[in-house]
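Undergrad: Below is a structure I'd like to ask you about.
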């Protein structure tokens, strides 16, 4: 008995040894394909679909079909991976779906080619199908990649390093996408609608090529996690869903997380419309403005990691972020096209506000879960589902009021993109301020101790 116990202790100690640089680096690049395609999806999908002739409402249907599929697959993938494991199999299967479907959306209507017709209905249905397939693959890849961390090592420092490396390459992927877009917009001038299709086709193909290159590195350098079969990783009794539904904090955090995602995703999805059509800035602004927002968000996020967190600071910084969004959103809404250069400093403020609201709401998720780890999958999954469905519905409703435009046409100041980029996110921010004022977090409990750790890792 003693020998068996000693062997178990030695095995656990060996598993808890820190990972080397190569396993951490190879894991970190495993989400690059998802990240670079996601940045393109939210920034350019609606703009692309409308520029090639789809009505705004139908373009929103394409986006909504993807969001619904993503939300459902997030829950399903988490449950299946919890039951059966096989992280890398889910990862590679999801990545294949992402690559094929993404190129079928931005690279041209594959269903139209298969059926030999380019009718409007077939295009709408074809884009909607592949938008759903893309988001199914994206969710499978995301869930499998994120859930690998705890079963790769027991060493807490290595777990932090894995998450930090993944976060760093997310930044690289997003900036890489905007660099690709800036280069393509500079080389291929959009004089006709066919030029627009060619622009986004090259952006899609280059994004997939770069993402797949990092995917190969991930699968070569990362072994299938084995801790899921170890005694120290066996599942305990799960916490029922009803446990969370009885908590007032669950509804408050769910509402705040949903509002934060609505603020960031709705504004990101319409920013390209706003700068090119409302402010009448040049083609490069479609890449430069989102890049400025993202860079400022990244810088603020790094600063926030150095803060020692407690409930007071969490609520205070969430309030600051929401207030900044109220101010900048109103400024975006009333900004005339003759003063479009002011969009550059406004983009910096928006980037900082995005970081503040997102980092603090993720911190609230950690505070909600606390030590109830056996129920954390439901919390993160349900909040993610709520976020994706609400964003899809919000964009669908907004685009339903948009007028159809042809290539090169300009429009007035009172537009859906002006509302969606400025005023509506400001309203969401006001609601966030109201909910935040009603939050009651207790630092004296073990649950609040989770706030003492950096929120981005």
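Any Cβ shown, glycine's included, is placed from N, Cα and C.
Note: TrEMBL annotation is automatic and uncurated.
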Undergrad: Looking at 61-82, 127-148, I want to know which stretch TrEMBL calls transmembrane segment.
TA: 127-148
Undergrad: Please determine whether the transmembrane segment (168-190) and the transmembrane segment (287-304) are in contact (criterion: at least three Cβ-Cβ distances under 8 Å, sequence separation 6 or more).
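TA: When sequence-distant Cβ pairs are counted, the transmembrane segment (287-304) touches the transmembrane segment (168-190), since at least 3 lie under 8 Å.
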Undergrad: Do any residues, 6 or more residues outside the transmembrane segment (89-115), come within under 8 Å Cβ-to-Cβ of it, and if so which ones?
TA: 30, 33-34, 37, 40-41, 44-45, 48, 77, 80-81, 122-123, 125-127, 129-131, 133-134, 136-145, 197, 200-201, 203-205, 207-208, 211-212, 215, 218-219
Undergrad: Under 8 Å between C-beta atoms and at least six residues away from its ends: which parts of the chain pack against the transmembrane segment (316-335)?
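TA: Contacts of the transmembrane segment (316-335) (Cβ under 8 Å, skipping residues fewer than 6 from its ends): 256, 263, 267, 274, 279, 304, 307, 342-343, 346, 349-350, 352-357, 359-361, 364, 418-419, 421-426, 428-430, 432-433, 436.
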